[in-house]
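S.K.: Residues or ranges marked as domain '3-oxo-5-alpha-steroid 4-dehydrogenase C-terminal' by TrEMBL: 87-240. Summarising the annotation, TrEMBL assigns transmembrane segment to 21-39, 51-71, 92-112, 124-147, 197-216.
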Amino acid sequence: TLDLQKGRLLYVKDLGPQIGWKTVFLWEYFGPLVAYMISYSRPVWLYGAKAGAPMNYAVHIAAICWTIHYAKRLLETLFVHRFSHSTMPFANLFKNCSYYWGFAFYIGYYVNHPLYTEPYFGRLQVYSSLIAFLLFEAGNLSIHLALRDLRPEGSTERKIPVPTGNPFTFLFRYVSCPNYAYEWYSWAAFTVMTQCLPAGMFTAAGFAQMAIWALAKHRNYKKEFPNYPRGRKAIVPFLL
């Protein structure tokens, strides 16, 4: 309750139409699955007669990795994430979906194209990148689980995130936002795996945005916790 006395003024800011974070995230991550899989599963819709050519093995692996990532994000949204804010501006739904859906279709169009050929170093490049991708995805999930357990359900308590018994959480020793670090590591591995320029553009754009978020969170951590570890960076160990 507000202790308002006579003569006091109460200012209210109109935030405009709002939408739940979980709803936005579900649309953000469901869309890329559909957009990417259109070019993979229905190539004739986009490539016409050329679609009859057999797909390269790397194309199938890329589709599996793409599905793993966005299926994981959907499941995390439903069962792992605990949102500190219940809503965001409704306009964000269109902005975020345009980014994710647009890049998904753009990348899928070129990776699943009938003229796509395997990367320069062949199977060595594809399979080593696949292993890296899966490890980084596991790391990203591990950080999300650690962050969830840091705040009991229904609580607003905040703590300094630290490594847990899960070996993937070691990255907390070096950066404030290892979830973002693992995220861009995954997309860097996907880019090397496919050797596709649009995937590289997506990785670069994602890193730039996540770096902004990580730097902001890093500043907030240092402001909120006087004993915050001084050696940590925001997203890139020892550098940024």
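The chain as shown is numbered from 1 upward.
Cβ atoms are placed via backbone N, Cα and C, with glycine included.
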S.K.: Name the range, of those listed as 21-39, 51-71, 92-112, 124-147, that has the largest tally of Cβ pairs under 8 Å with the transmembrane segment (197-216).
M.R.: 92-112
S.K.: Tell me, please, if the transmembrane segment (92-112) and the transmembrane segment (51-71) are in contact, taking contact as 3+ Cβ pairs under 8 Å between residues separated by 6 or more positions?
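M.R.: In this chain the transmembrane segment (92-112) contacts the transmembrane segment (51-71) - 3 or more Cβ pairs sit under 8 Å.
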S.K.: Using a Cβ-Cβ cut-off of under 8 Å, list the residues of the same chain that are 6+ residues beyond the ends of the transmembrane segment (21-39) and lie near it.
M.R.: 45-46, 63, 66-67, 70-71, 73-74, 77-78, 81, 83, 85-88, 92-93, 96-97, 100-105, 107-109, 111-113
S.K.: So what's the average pLDDT for the domain '3-oxo-5-alpha-steroid 4-dehydrogenase C-terminal' (87-240)?
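M.R.: Mean pLDDT, the domain '3-oxo-5-alpha-steroid 4-dehydrogenase C-terminal' (87-240): 93.
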